[in-house]
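For reference, Swiss-Prot has these:
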DOMAIN    4-76  domain 'KRAB'
REGION    77-99  region 'Disordered'
COMPBIAS  81-99  compositional bias 'Polar residues'
ZN_FING   103-125  zinc finger
ZN_FING   141-163  zinc finger
ZN_FING   169-191  zinc finger
ZN_FING   223-245  zinc finger
ZN_FING   251-273  zinc finger
ZN_FING   279-301  zinc finger
ZN_FING   335-357  zinc finger
ZN_FING   419-441  zinc finger
ZN_FING   531-553  zinc finger
ZN_FING   559-581  zinc finger
ZN_FING   587-609  zinc finger
ZN_FING   615-637  zinc finger
Amino acid sequence: MNSVSFEDVAVNFTLEEWALLDSSQKKLYEDVMQETFKNLVCLGKKWEDQDIEDDHRNQGRNRRGHMVERLCESRKGSKCGETTSQMPNVNINKETSTGAKPHECSFCGKDFMHHSSLNRHMRSHIGQKPNEYQEYEKQPCKRKAVGKTFSYRHCVRKHERTHTGGKPYECKQCGKAFIYYQPFQRHERIHAGEKPYECKQCGKTFIYYQSFQKHAHTGKKPYECKQCGKTFICYQSFQRHERTHTGEKPYECKQCGKAFSCPTYFRTHERTHTGEKPYKCKECGKAFSFLSSFRRHKRTHSGEKPYECKECGKAFFYSASFQAHVITHTGARPYKCKECGKAFNSSNSCRVHERTHIGEKPYECKRCGKSFSWSISLRMHERTHTGEKPYECKQCHKTFSFSSSLREHETTHTGEKPYECKQCGKAFRFSSSLQRHERTHSAEKPYECKQCGKAFRCSSYFRIHERSHTGEKPYECKQCGKVFIRSSSFRLHERTHTGEKPYECKLCGKAFSFSSSLREHEKIHTGNKPFECKRCGKAFLRSSQIRLHERTHTGEKPYQCKQCGKAFISSSKFRMHERTHTGEKPYRCKQCGKAFRFSSSVRIHERSHTGEKPYECKQCGKAFISSSHFRLHERTHMGEKA
């Protein structure tokens, strides 16, 4: 008897003919083709296994054969017991270049080119998973049923690799290996810069089809959550959302046990263990673990600020900064801490705050072992080891380790103060400064030290205070080895080596190393002394001066020398005294190399080289190097004895 192939008995339609059939006729056609195929299988016909996951390898593969394979996979089993992994390479529907999609989903109305695609899609509605995975032990006859089910047989084969650890697809450029071909193919696009999916409406291109689908201008969101009614463009987003209701976290890290609801979050987390940085900047060569970080970094080169506020026109590099800014107009704080009820204007700030309750610090520095509550803090900390300063000011070309430091610096050029207190009208350069200021009105101190109970308005002050208990000094000067508790103190100290004076008085042109010194100096021009002692009425230029002065009334001397027991009103005098014991002379003259205990002493000494005499007597015109010599001279006019 001559062999009969499926092609011999199959009935074919063109797309035009198929479009003329009604739904009952299409259903009848499907049933007949399925029954025909069952009969051929029962006659003992066998075909080579078609590995569906490698469909991409044969670009000319007949789509109709693919459709039959899917169609036949959907049945629960054949009567004669033949395995359905043996599929024919046959034709059912002919595909034309018209782009017509004749198959419509009766649930959501989505259209498909092939019946097999519709069939697969329908399973997302009804939850059908006919293929069951069974894990085999070493003995061929003995098996233990895991019971995990899959919609398609090729998914079973893919799943088996998660048990065997097989990763057959390896990137030739970076050596990364993949279980499945599709992720491997997507990964290769990162190196090539290929973006094959282009939006016909706006021309924007995408590496991944899923990103392209999400971008679509149709506004169609066919996937609706039954619990909250939220709708989604793509099924994967819908699936991820459902897990927020169920709390399911199916992706678990084998190294630390942390679980994730989304595979992308899981893969990103894995890089914290492996140190993998697959995203490399072509301009500066810097590599990144995360695509989002890479995209943000590219904006530092291009200057692009894609997020613009519609109310005030201010533009931002990052969506998080933009969202936080938008809320400053409304005053809304929609994110509330479940433990203490504190509200925040961003979800990120809320998550970070919640870690202060549980003490979680999942990010650890590989160099020094210090751990952090969030990844950005770890990355910022790592720069203290590497000295990296990736953020550059376009006006003066000064570089910074942190984007926040760059933004703060940029306001020194513009003078902009966009954040205004609604209670007193005071304006600030930074939202964090405004938040701290607002607490002076509310007296709120949300950060409490567990060791001594002292509370703080600001998280940064709280962290610095904690170091007074631990003795930690994470900031080390590479030139002299001196260590500091605060990054601000460290940066100020660096200027003693560089001689940098970035703060200039607009009235007289005098420059200062520190902004506080400039502010104090400016008060000399205005004569303003805003800080008045309530006991004696004496007024001061600076708040620090009045605090020290008040101690002369109370007798408080909080700084005591451990070696000799002598106590001091101020920390600066205490530190100066300590040097009499240690012999430390950290301030060195650049011209002659002479070292001094105090910065004031080296400044006075340097004038002996420059000839500068800034203190001039108004009565006789004589000038002096130091203020102390000048004061002694003044007494000669007054008849005083020194």
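Using the three backbone atoms N, Cα and C, a Cβ is placed for every residue, glycine included.
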Note to self: Below 8 angstroms Cβ to Cβ, which residues of this chain, lying six or more residues outside the zinc finger (559-581), approach it?
What the structure shows: 548, 551-552, 597-598
Margin query: Looking at the zinc finger (141-163) alone, can you tell me the average pLDDT?
Written below: 57
Item checked: Long-range environment of the zinc finger (279-301) - Cβ separation under 8 angstroms, sequence gap at least 6 -> 190, 268, 271-272, 317-318, 390-392
Checklist line | Long-range environment of the zinc finger (251-273) - Cβ separation under 8 angstroms, sequence gap at least 6 | finding: 240, 243-244, 289-290, 362-363, 375
Margin query: Per DSSP, what is the helix/strand/coil residue tally across the zinc finger (169-191)?
Written below: 11 helix, 4 strand, 8 coil
Margin query: Within the zinc finger (587-609), count helix residues (DSSP H, G, I), strand residues (E, B) and coil residues, in that order.
Written below: 11 helix, 4 strand, 8 coil
